[in-house]
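Features reported for this protein in TrEMBL:
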- 206-255: compositional bias 'Basic residues' (COMPBIAS)
- 53-135: domain 'Beta-lactamase class A catalytic' (DOMAIN)
- 201-255: region 'Disordered' (REGION)
Amino acid sequence: MVVVDAAGRTVLATAAADRPVYTASLVELLVVQQVLARQAVGVLGLGPADGGLLERAVTVSDDPAMNLLWDAYDGADLVATAAASFGLTGTAAPDRVGQWGESTTTATDLARFLATLAEDPDAPGAAPVLGWMRAAAPLASDGFDQRFGLLAGGAVPGTAVEQGWMCCVADRRQLHSAGVLPDGRVVVVLADASSTLLGRADADRRRGRGRGGGRHGLSRCRPTRSGRGRPRCPHGAHVRRGRLHRGRPVSARRG
């Protein structure tokens, strides 16, 4: 976890602030900002539908929109360029082609990125990115409940928020919340833990042994079955040997 004040000073950083973790949906912020930055300098032109894709990637965390943007504009290069431009030393594109949720970042890097946008609203992409974050929907495009972290209980009006979640690459789960408060402070919380551990914690909550649970329970990140018997997973995730995955569908083969 990292908290940065409106003057850009880090006022809180936990021991894991510089530990790289999978970004899940948070990588959408880097991709969207870089697409807009390249448009601003004339490096690329956006088609009529592209603006809607950029907005949906941020406001409702739309995976199909992100897939199209990643493929059309070389998402891996966009992430690398963002890392170099903003000095994000713990941020990198995914090792596996197309698995954009497996990009890596740190709480420190995300806080630096968001603080830069908040401090300079005239920077390329800053205004639309923060505007779309302020319009983050309670439910993602697939119905996943985004009311956790900075959106739990309803965000303070004017708060710009992006949520991220993924399970279970390398038997880990990610549940992230990052944003800019109305007073300019930046808060980044990246939760990364054993999928088994989080599953047990959620089970305890649902049995009344712990606090929380209910509609915000992590049980939403477990495979379910559709009417046709095909595994379905939240937020565009795909089943790989019984696991949830962000990004492109992957086969069920071993290895």
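Using the three backbone atoms N, Cα and C, a Cβ is placed for every residue, glycine included.
Unlike curated records, TrEMBL annotations are generated automatically.
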Secondary structure tally of the domain 'Beta-lactamase class A catalytic' (53-135) (DSSP, helix then strand then coil): 54 helix, 3 strand, 26 coil
Reported mean pLDDT - the domain 'Beta-lactamase class A catalytic' (53-135): 98
